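So Swiss-Prot says this about it:
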SIGNAL    1-22  signal peptide
BINDING   H38, E192  Zn(2+) binding site
DISULFID  C71-C183  disulfide bond
DISULFID  C200-C208  disulfide bond
Amino acid sequence: MGQVFLLMPVLLVSCFLSQGAAMENQRLFNIAVNRVQHLHLLAQKMFNDFEGTLLSDERRQLNKIFLLDFCNSDSIVSPIDKQETQKSSVLKLLRISFRLIESWEYPSQTLTISNSLMVRNSNQISEKLSDLKVGINLLIEGSQEGILSLDDNDSQHLPPYGNYYQNLGGDGNVRRNYELLACFKKDMHKVETYLTVAKCRKSLEANCTL
């Protein structure tokens, strides 16, 4: 009986520590989801504003090219649909999100278009991406006590954005900016989806369907 009483304080402390860790985890998830939602909305607005500067024929042509082309980050293997996203583990979703955010650290600094909104928000975007990357890394470290299971994809190196479309003709800058903004919007939507599903899983909610 005496041993039971001695163990009770230890169990209570362990329980409180576990609850504290869970609350901190949810706090980090809330911050990460809020930040990527803001980035996604900002990306959507910048893309729409840029499209607004183009003629109708230009928009249609660029959209056709974009649908046939690919984003720099497409080399990062990620779920192809909602079903695959739902089946992916929390750690896998976090790792993919980390790689997607990491892939935009450099191009977010090199986007130079006449759109005044983009010029005004370029530094803000870079800072938010860096903060989000740090936050996701903390979530990854807490998912398996810092022991990561790296996929083969994590060792891949993305082609540099510095040489992106360097051989295009006179309209190259317009096409480059269109595709960069479209890809940025697409990738932020991906990360928002992955982090939202991961957050739901960690909160033990009954329904985490998209």
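We number each residue from 1, going along the chain as drawn.
Including glycine, each Cβ sits where the backbone N, Cα and C put it.
These figures come from a predicted structure and were not determined experimentally.
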I'd like to confirm something. Which of the recorded positions, H38, C71, C183, E192, has a Cα closest to the Cα of C208 (disulfide bond)?
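For C208 (disulfide bond), the spatially nearest of the recorded positions is E192.
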Report the nearest neighbour of H38 (Zn(2+) binding site) in space among the disulfide-bonded residues C71, C183, C200, comparing Cα positions.
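Ranked by Cα distance from H38 (Zn(2+) binding site), first place goes to C183.
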Hey, how far is C71 (disulfide bond) from E192 (Zn(2+) binding site), Cα to Cα, in Å?
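With the alpha carbons as reference points, the distance is 17 Å.
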So, three-state DSSP: helix, strand or coil for C71 (disulfide bond)?
coil
Could you check what DSSP calls C200 (disulfide bond) once collapsed to helix, strand or coil?
helix
Return only the integer: C-alpha distance in Å from C200 (disulfide bond) to E192 (Zn(2+) binding site).
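About 12 Å separate the Cα atoms of these two residues.
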What Cα-Cα separation, expressed in whole Å, is found between E192 (Zn(2+) binding site) and C183 (disulfide bond)?
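Counting only the Cα atoms, the answer is 14 Å.
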So if I measure Cβ to Cβ from C183 (disulfide bond) and keep only same-chain residues at least 6 apart in sequence, which ones fall under 8 Å?
C71, N72, S73
Check C183 (disulfide bond) against DSSP and tell me helix, strand or coil, would you?
helix
